[in-house]
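Engineer: Quick one: the structure is below, and I'll ask about it shortly.
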Amino acid sequence: MSSQASQRSSSTSAVAQKTRERRKSKSRRRCWFGCLWLSSRVSLIRSSSRFSRSPEPDESLTAIDKVMSIINEKPLKMAHILKTARFVNDVSFSERKQFVECGVIHHLLELIGETAISDFSASSRSADEQKRRARRNSSASLSHKGTGYGTGSTRSRWDIERTVEEKLIREEHLTWLLSILNSFMLGWPTTDNLKTKPEELVHMTEIAIKLIADSSVLSILEYNLRNDSFFDVSEHIEIYQALLETAASMAATPGLVPFLVRPYTSSAKSIAKELIPRFKENILSIQARWGGTLEETNFRMAEFTAKVTLLSDYVINAARAYEQTLPPEQRIQTATHRRPSHSGLHSKMQGPKDDETIYKNKMQELQLQTAKFIGDFGKLCVPYVFRKEAKNINPFSPHLRDRTKRIAKELASIANALPLNASNSIYVCYDEGRVDIIKVLISGPDDTPYANGLFEFDIFFPTGYPFSPPKCAFLTTGSGNVRFNPNLYNDGKICLSILGTWEGRPEEKWNPYCSLMQVLVSIQGLIFVKDPYFNEPGFERYQGTDRGDEYSRKYNLQIEHATLNYAIREQLKKPSEHFKEVIEKHLWLKREAILKQAQAWIDNVSNDFGDDKMSKRKDVFAFETGFNPATQERVIHNLIQELQAMQSPFAKEEAEESERLKREQSEKEEKQKKEAAALAEIEREKRELELDFQRRRSSVLATHVAVIRTQPTGDYSVPSVNEPSTSS
């Protein structure tokens with residue numbers, strides 16, 4: 001037993017020994033692998049740290065190598081772009097030639113073209129995407145939805161925040177890429193280097209000039225500087241400042257100035273002579289008018305305005321200096337668009353006197369006007385649909401300051417963006433003390449049943465603006481008796497996806513990046529259309545059929561009468577106080593067209609009701625109201641008589657203009673008389689001098705002859721007429 005026990009114990013100890021050895025071996029292996037893993041991890045961390053610092057300047061690398069290593073990265077990081085601008089700026093002008101020779105500038109210009117957000121970048125959209133858009137926007141698909149009510153599926157997902165964020169990232173990249181280019185051309189910041197002499201820019205060789213001139217830089221400048229929306233510019237100050245700095249950097253190089261002066265395509269405009277002067281004028285005029293509202297803490301905008309003035313003047317002066325070297329026939333003839341001031345209206349009326357030109361010149365100063373909506377003790381003194389909402393808001397509350405500034409920016413922008421022509425126009429009236437209270441007047445477009453009519457709206461910006469849409473109400477309803485459109489109810493409600501009053505696709509709904517201008521254009525373009533009958537969802541099934549066309553024609557006949565009666569006649573008889581001048585002048589300028597329109601309606605109704613079929617009125621529309629041909633025709637005849645008896649609202653202005661012209665003519669004639677009298681006096685004095693000269697000459701000659709006679713011999717000289725004779 002003892003031997004067996006000893007054998008078992010020895011075998012157990014042997015097993016235990018082997019187990020311990022195996023454990024030690026595993027432990028050693030784990031330690032070895034652990035050390036190997038740790039060392040590899042440390043090396044990876046070190047390499048990653050080196051990479052994270054890259055492309056931190058390596059002392060052994062030149063500036064060219066540093067810049068090349070950065071701009072060749074995929075994707076290009078913002079932090080590295082900032083370093084590149086510093087590297088390029090620190091290099092001397094003579095050393096910058098290497099950037100051109102090594103292809104750095106060529107690659108940089110390609111990156112700028114790829115990053116630019118503009119119309120020409122949209123043209124590179126894939127063919128498949130274009131087909132998808134065409135299918136989505138085709139008339140066939142839209143005709144089955146009801147205009148203005150939204151199209152497509154309401155379940156579609158569209159992340160507006162992500163879209164805007166991506167755009168801002170690209171815009172920031174473009175801003176700094178342009179800054180790198182400016183660092184190369186002139187130096188950065190550009191405003192500190194404007195006094196650099198052209199002969200110092202030795203790196204701007206013919207190759208560098210050709211690279212920049214042939215790149216997308218000119219098209220980017222031309223596209224973005226066309227923008228006259230103050231709201232858009234104020235929201236993207238950095239990119240516009242970079243664009244102006246790029247133009248100034250190019251203007252510092254004499255070889256690039258011609259490309260700023262001459263339009264780069266037949267459809268483009270001169271950057272230096274048209275776009276930049278207009279951009280500067282818009283910014284300065286808006287800042288002067290709205291500075292008190294935009295103000296207070298907005299030093300950023302004030303600084304931007306100062307830079308706009310400095311950089312614009314630099315470019316304009318460079319363009320003028322260049323054109324002084326050209327013969328007059330080779331200089332670029334441009335006509336910079338200018339909004340007229342609020343004085344001297346008729347002095348602006350130069351050029352052809354067609355109806356379109358006359359309408360614009362007469363109505364332009366009335367398009368954006370102010371009025372007093374708030375009376376004593378902060379009470380509204382005009383009719384207003386959203387009176388209760390306006391009363392419950394303290395416009396001077398600190399938490400509404402951003403809302404007020406946003407509204408002011410939008411109003412400043414629409415001054416240059418509102419449509420104005422004889423066919424269709426938009427007029428806006430607001431109170432300078434309460435910019436959240438707005439009244440709008442929209443004229444009906446030609447070739448629609450709303451032609452020449454004037455339709456009034458009340459608009460209010462709620463406290464949640466711009467995160468919630470503005471509130472809009474339609475006022476031209478004939479005291480609730482007429483519904484002008486399936487989208488416009490006789491109680492003033494407006495059905496549009498952008499206003500949140502109807503379901504629509506996410507991209508058709510309101511978002512914080514929408515604006516008042518989009519709402520106004522949507523109302524004008526989506527509601528006041530040629531065939532409003534098909535705006536009603538469900539009626540689209542008749543579109544393209546004989547029955548549908550007949551329904552639409554008869555519906556339009558009723559809308560035309562409502563327009564003539566309520567949007568023209570009632571406006572003429574009882575104009576809104578704040579739009580009275582607009583209404584009177586609009587109707588006077590369009591009276592001939594309205595008379596033809598009224599007579600055409602009478603003829604169409606007479607033709608229709610001469611038909612027995614039509615007189616039975618088998619087809620009745622649910623949304624037709626007050627159909628009475630005899631009464632309606634009588635109303636239109638009254639309108640014709642009232643228009644024919646209408647007195648010109650321009651009579652006072654025309655009398656003043658006539659008086660001014662007479663005064664100018666009288667002053668001109670008086671000036672001519674004075675000039676003629678002065679010339680006559682000069683001629684008289686001239687004749688007197690000539691006679692005096694002749695008398696003196698005769699006297700001298702006579703004296704000389706007398707001397708000769710008394711002295712028979714001797715040599716005598718003839719004295720000068722102007723000199724006194726010694727003998728005399």
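Each residue, glycine too, has its Cβ placed from N, Cα and C.
Annotation comment: Swiss-Prot describes Cys495 as active site, glycyl thioester intermediate, evidence class sequence analysis. Residues annotated as compositional bias 'Low complexity' in Swiss-Prot: 1-17. The compositional bias 'Basic and acidic residues' annotation in Swiss-Prot covers 658-678. Per Swiss-Prot, compositional bias 'Polar residues' is recorded for 710-728. Look at Swiss-Prot and you will find 402-568 tagged as domain 'UBC core'. Marked as region 'Disordered' by Swiss-Prot: 1-23, 123-155, 649-678, 709-728.
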Engineer: Taking the domain 'UBC core' (402-568) alone, what is its mean pLDDT?
Structural biologist: 89
Engineer: DSSP-wise, what's the residue breakdown of the compositional bias 'Basic and acidic residues' (658-678) into helix, strand and coil?
Structural biologist: 21 helix, 0 strand, 0 coil
Engineer: Provide the number of Cβ atoms within 10 Å of the Cβ of Cys495 (active site, glycyl thioester intermediate), excluding the reference atom itself.
Structural biologist: 19
